[in-house]
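Here the structure comes first, spelled out in structure tokens, and everything after it is commentary.
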């Protein structure tokens, strides 16, 4: 068929484009994966748009935490849209190619937005540190002007520092939560512990969901069946 001819003639690449073999060895999975990824992509779009609109409309949510959360939601919209539509096209149709220019543009935005999310998660961990460990100084430490500056800085670092400072960002997050953990251990009040869990639990889950899969993917040793895995 056409796909086999393309694979035999070009062996995965051509002069003008890449051939995306992806799940070609398991064609029966492509429709299933298309449906699953499409559902989760739509859930991601709707959920993040809901967070952004709600944070804007509800005056009670005009706080540093929800300001950063709105930035994170918008970032996730951009991050997923930079790669998933192309994946869905390749899973659904017979067209399994992407141009060199298109590949480079997609690669830039995936890396740049991924680096931005790392920085934004660091900023959010500092916000949670200030809320838990410096509650009396929180409004001074996280005043609106400083929060906007941190958000803008997260968007402007992008890919320039992605390869150098990724471990540093993870260390900064751990440092913030280390200070929070010490504050928790000194607490005797159950109500206070519940408040801290509500304050930090969601962010800690996001950090785990972001960094653990990344470390599993990029730090595992290369093996002969790595493509199948």
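Note that Cβ sites are derived from N, Cα and C of the backbone, with glycine treated the same way.
According to TrEMBL, the protein has these features:
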TRANSMEM  31-57  transmembrane segment
DOMAIN    47-162  domain 'G-protein coupled receptors family 1 profile'
TRANSMEM  69-92  transmembrane segment
TRANSMEM  98-124  transmembrane segment
TRANSMEM  136-158  transmembrane segment
TRANSMEM  164-185  transmembrane segment
TRANSMEM  197-220  transmembrane segment
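Residues belonging to the domain 'G-protein coupled receptors family 1 profile' (47-162) score a mean pLDDT of 82 in the model. Proximity of distant same-chain residues to the transmembrane segment (69-92), defined by a Cβ-Cβ separation under 8 Å and at least 6 residues beyond the stretch ends, is recorded for 20, 22-23, 30-31, 33-34, 37-38, 41, 44-45, 47-49, 51-52, 55-56, 98, 102, 106, 109-110, 113-114, 116-117, 120-121, 124, 151, 154-155, 206.
For the transmembrane segment (197-220), the partner stretch with the most Cβ pairs below 8 Å, chosen from 31-57, 136-158, 164-185, is 164-185.
Within its own chain, the transmembrane segment (136-158) is flanked in space by residues 64, 67-68, 71, 112-113, 115-116, 119-120, 123, 127, 130, which lie at least six positions past its ends and keep a Cβ under 8 Å from the stretch. Summarised by DSSP class, the composition of the domain 'G-protein coupled receptors family 1 profile' (47-162) is 101 helix, 3 strand, 12 coil. Using a Cβ-Cβ cut-off under 8 Å and counting only residues 6 or more beyond its ends in the same chain, the transmembrane segment (31-57) has close neighbours at 23, 66-67, 69-70, 73-74, 76-77, 80, 84, 87-88, 91-92.
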